[in-house]
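Beneath this line is the structure, given in structure tokens, with notes to follow.
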Amino acid sequence: MTKQIQKTVSVCIIGRPNSGKSTLLNRIIGEKLSIVTPKVQTTRSIITGIITLNDTQIILYDTPGIFEPKGTLEKAMVRCAWSSLHSADIVMLIIDSLKPLDSITHDILNKLRSLNVVPVFLLNKIDVESKYIDDTKAFLAENYSDSLLFPISAISGENVDKLLEYITSKAKIAPWLYEEDDITDLPMRFIAAEITREQLFLGLQQELPYKLTVQTEKWEELKDKSVKINQIIVVSRESYKTIILGKNGSKIKELGAKSRMQMQQFFGFPVHLFLFVKVRELWEDNSDYYEYMKI
């Protein structure tokens, strides 16, 4: 029997916050792996997505949005995004076509040039009419003629098939790094924490979601094939804890129920989820939390 020739290619997706990086990764692998919310800076670490198409395994790195960081956590997130370039065969810069090119995007372009990186441009959100798209295309064509440009819609899937054809064409003969049906190399504990953090981002107002982190403290497989999960929501102030708990614990019950449903849908087995809130002042300056968050 002839052994199948295996090919691999790795791709990192960088860009400003809320430009569509996580949505694109989820679209390509066909699963909701990377959490998505309307709030900026939802992604804090590199999320690895994997898809195997025929003889080619594609490894995708979704990264934190690049912006002007202020605090210790934000600086760590931006460093994490830039570090992904070293692991990738292809660097893709995703640009929101609904917005004009701003100073941060120009800074990203300049840094890529200083690193001698020729990115592939993804002009995202073309499913919505934009008054900026023609100017953006003209600027990129004039100043970055060596780069390819793909107008896409990560949310509708428009032109994503053409993008995949290009990515596949760049694969090199090499053994696959993962099993054929793997979609990520992230631990289930980490994914579960991300699912809960997504619900906190969606369910809490203003700045509070940025002031917390989630850790899966316990993962116990039970005899009936269900899993008991204990998670800690870490906040820096007692007032934040009060908000998350809600009146008579109503808010945390609501958030827990939504998180549990998402976990069951993703993992495919029953989940018993227990959430606890702990106050840890200045947790954002503690590197132990960064290690758990993979940044």
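Residue positions begin at 1 at the first shown residue.
Each Cβ is built from the backbone N, Cα and C atoms, and glycine gets one as well.
If you check Swiss-Prot, you get these features:
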type	residues	note
BINDING	15-22, 62-66, 124-127	GTP binding site
DOMAIN	7-176	domain 'Era-type G'
DOMAIN	204-281	domain 'KH type-2'
REGION	15-22	region 'G1'
REGION	41-45	region 'G2'
REGION	62-65	region 'G3'
REGION	124-127	region 'G4'
Largest tally of Cβ atoms lying within 10 Å of a Cβ, found at which of the binding-site residues ASN18, THR63: THR63
Same-chain residues at least 6 apart in sequence whose Cβ lies under 8 Å from ILE66 (GTP binding site): ILE14, GLY15, ARG16, PRO17, VAL78, ALA81, TRP82, ILE104, ILE108
LYS21 (GTP binding site), number of other Cβ atoms within 10 Å: 32
DSSP-derived helix, strand and coil totals, residue by residue, for the region 'G4' (124-127): 0 helix, 1 strand, 3 coil
For ILE126 (GTP binding site): intrachain residues, at least 6 apart, with Cβ closer than 8 Å: SER97, ILE133, PRO151, ILE152, SER153, GLU158, ASN159
Counts by DSSP class (helix H/G/I, strand E/B, coil) across the region 'G2' (41-45): 0 helix, 0 strand, 5 coil
In three-state DSSP terms, the structure that LYS21 (GTP binding site) belongs to: helix
Helix, strand and coil counts within the region 'G3' (62-65) (DSSP): 0 helix, 1 strand, 3 coil
